[in-house]
Amino acid sequence: MAALLTSVSPITNPCSENARKPHGFFSQISKLHSISLNKDFSIVLAATTSTQMTISPEETVFQLPSWRCGEIDSRTRGINLTDAFLYMEYMVGKGYKPDFDQATQLLHDLCSYGRTQRAARVMEMMVRSGCPPDVYTYSMFVGHLCKRRIVGHAMQIVKQMEELGYPTNIDTYNALIKGSCARGNLNQAVQFIDRLMQKGLVPNAFTYSCLVVATYKHRSVDEAMKLLDGIIAMGGTFNLFSYNNLLNGLCGEGRVDEAINLFRGLPSKGLIPNTVSYNILLKGICCEGRWEEANGLIAEMVGEVRSPSVITYNILISSLCCHGRTDHALELLDEMFGGPFKPTAATYNPIVSQLCKEGKVNVVISFLYKMFSRRCYPNEGTYNAIAVLCDEGKAQEAFSIIDSLSTKQVSYKRVISSLCKKGNSYPALQLLYYMTKCGFTPDPFVYSSLLKGLCKQRMLNEAMEILTILEEYGYEPHVDNFNSLIFGLGRARRTDLALGIYEKMIEKGHIPTPLTYVFLVEGIIGEEEKELALYVLNELHSREVISRNTLERFVIQHDLEGFSL
């Protein structure tokens with residue numbers, strides 16, 4: 001890896017006198033534009049200064065402009081939320097202290113809107129101004145970060161809680177454990193379990209269930225079952241969620257009979273199978289075409305805990321389609337309208353996919369119109385079902401179907417994004433060709449989706465070629481396009497290519513964003529060049545490209561503390 005980096009950036013040899021400065025990794029950092037305030041902020045500031053800000057000479061606490069008053073739409077509330085955040089940032093920068101209750105509510109609302117970085121900034125400002133959040137808010141933020149798999153930052157917050165003397169409980173550590181498991185970092189999850197036990201806390205069923213489920217997903221179902229047996233032998237307990245995941249694992253590996261034995265043994269463990277348990281087993285049985293057993297299982301699904309659901313119908317319809325029994329699937333769909341369940345897009349999608357495999361384009365169009373007439377609209381799965389035609393060499397037919405729906409609130413932009421997310425980047429490319437012929441003009445978002453998708457499928461040369469083709473046809477790539485390609489190449493462990501794209505980005509006169517550097521560093525870490533990554537992080541921090549908190553999060557999350565320069 002080090003050899004690959006020497007040709008494009010001075011970071012592998014910071015002391016070299018021959019390092020190229022004009023386009024090197026760090027030579028461009030000084031060119032970063034400082035982040036300016038929202039263009040409307042001056043208006044907000046003027047208004048709030050005269051009407052909402054109350055600061056006396058003796059008091060340094062200020063009031064935030066209201067962002068929750070009245071019945072306003074989500075977009076307006078989002079704008080008001082941004083104004084409140086910018087105002088708080090401005091006033092704290094002047095040395096004033098925010099009202100504790102308002103700042104806390106702002107942090108909560110930013111999390112609700114998914115604005116994690118700004119929520120983190122609010123927390124930093126509260127601590128800096130001398131009114132740190134309470135233990136409830138800290139715990140909420142830890143849970144929010146872990147749900148978004150930002151475990152390094154969550155660990156940093158827990159450390160801050162402990163330094164302030166706030167109590168951490170089993171829920172705090174369960175959030176960290178779940179976040180680590182979601183990232184596939186089982187060793188880190190085990191370390192958290194050890195740490196919580198050292199604090200005198202007792203792992204509960206949720207704690208162990210997270211670990212067992214992660215072991216099944218990231219290793220194997222056999223290893224997960226051994227772990228489960230070992231924990232039970234030591235007195236640990238599990239909930240039904242764990243066993244449902246094991247059932248899913250066994251069925252996924254075609255071990256349906258083993259899954260049936262485990263399912264039938266649940267009552268002896270004090271657990272009553274629920275609708276989810278039955279649906280998992282039903283899917284496994286139907287995949288093998290064991291229809292009589294499936295009917296028997298459905299007959300058992302009575303009672304509040306295990307009654308059939310719309311998912312039960314979706315499983316049956318999908319299985320019938322997989323076995324080419326489309327007529328029976330359509331009959332079952334009609335039956336749903338006579339019952340209590342309303343079909344969803346997930347109900348229709350398997351039928352769309354099967355009809356596309358059979359090349360029945362006209363039938364697909366009429367079926368989709370029928371779907372619209374019943375007020376059910378396409379989702380990502382629908383577009384990916386239509387993309388099956390591309391695999392059959394019928395990309396133009398696939399486009400004709402999507403084009404026929406373009407007047408039905410179906411946007412080309414969403415179609416391309418949906419295909420790329422699901423790993424159908426090649427069909428996306430084929431459809432984009434026809435879309436542009438019909439006047440569709442892709443924006444930076446569409447190209448970013450395409451570049452990410454190609455990299456995700458390891459179609460690296462194709463992704464880089466797309467960038468070249470765009471330039472040849474007069475399209476000026478957006479900074480987000482470069483970032484998407486750098487991100488995708490880094491994830492594919494081709495940081496040498498990512499650094500090449502970075503160099504090209506600079507040569508084209510684009511200003512890298514902080515995300516550009518974050519993606520590059522993550523790529524370097526993915527190449528197991530941790531010492532190099534730590535050097536780069538320190539340099540980025542010293543040049544004020546990333547904050548101290550970001551640096552610490554990288555160090556904690558990627559275990560860089562043991563490396564020295």
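Cβ coordinates are placed from backbone N, Cα and C, and glycine is handled just like the others.
Feature list (source: TrEMBL):
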- 99-133: repeat 'PPR' (REPEAT)
- 134-168: repeat 'PPR' (REPEAT)
- 169-203: repeat 'PPR' (REPEAT)
- 239-273: repeat 'PPR' (REPEAT)
- 274-308: repeat 'PPR' (REPEAT)
- 309-343: repeat 'PPR' (REPEAT)
- 344-378: repeat 'PPR' (REPEAT)
- 408-442: repeat 'PPR' (REPEAT)
- 443-477: repeat 'PPR' (REPEAT)
- 478-512: repeat 'PPR' (REPEAT)
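Within the chain, the repeat 'PPR' (274-308) has long-range Cβ neighbours (under 8 A, six or more residues past its boundaries) at 240, 243-244, 247-248, 250-252, 254, 256, 259-260, 263, 266, 315-316, 319-320, 322-323.
Tertiary neighbourhood of the repeat 'PPR' (239-273): same-chain residues 205-206, 208-209, 212-213, 216-217, 221, 224-225, 228, 280-281, 283-285, 287-288, 290, 305-306, selected by CB-CB distance under 8 Å and a gap of 6+ residues from either end. Counting only same-chain residues 6+ beyond the ends of the repeat 'PPR' (408-442), those with a CB under 8 A from a CB of the stretch are 372, 377-380, 383-384, 387, 390-391, 395-396, 398-399, 402, 449-450, 452-454, 456-457, 459. On the 0 to 100 pLDDT scale, the model's mean across the repeat 'PPR' (443-477) is 80. Listed as Cβ neighbours of the repeat 'PPR' (134-168) (distance under 8 Å, sequence separation of 6 or more from its ends, same chain) are residues 104, 107-108, 111, 116, 119-120, 123, 127, 175-176, 178-180, 182-183, 185, 188, 199, 549, 552-554, 556-558. Taken residue by residue, the repeat 'PPR' (169-203) breaks down under DSSP into 26 helix, 0 strand, 9 coil.
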